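The following features are taken from TrEMBL:
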- GLY87, THR90: Na(+) binding site (BINDING)
- 12-34: transmembrane segment (TRANSMEM)
- 46-68: transmembrane segment (TRANSMEM)
- 80-105: transmembrane segment (TRANSMEM)
- 111-134: transmembrane segment (TRANSMEM)
Amino acid sequence: MSADDRAPRSRHVAAMAGIAACGGAAGAVARHLVAQAWPTPDGGPPLATLAVNLAGSVLIGVLVAAAAGPRPAPPWVRQLLGTGFLGGFTTYSAHVLDTGALAASGRVAEAAAYMALTLVGAVAGTALGAWATGRAVRALVRRRRP
């Protein structure tokens, strides 16, 4: 591969990285706004983190199913919304810190329940979002057929 062949690919990779970064910044701001609107009370469970992770997982399922539909979304849309926005919105690093803080404060059962609820809920939410969106897309396609 010559240098001339690599230049367009390098520009494409840089553009996609920029698109993901913009989406990620917007997602992180959205997560921060949720955390500000729904602060964790002293000694309470970190419900804002749980909510953004579960909601983000459902939305990832929606995006995957919608992007794979009869008119697939262009790669930049998946990069902006999936890798970018939803990657910045969901926060598994905060989930791990919250779980560790619960366990360190002696609330081991609550930490285990929080961890399990987040992980099982995220997988189930992604599956539910993909399933519901797939059904909706198929119904729309059927209605449009003569």
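Every residue gets a Cβ built from N, Cα and C, even glycine.
A TrEMBL annotation is a machine prediction, not a hand-curated record.
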Set of same-chain residues at least 6 away whose C-beta sits under 8 angstroms from GLY87 (Na(+) binding site): ALA20, GLY23, GLY24, GLY27
Distant-in-sequence Cβ neighbours of THR90 (Na(+) binding site), under 8 Å, six or more positions away: GLY27, ARG31, VAL52, ASN53, GLY56, SER57, ILE60
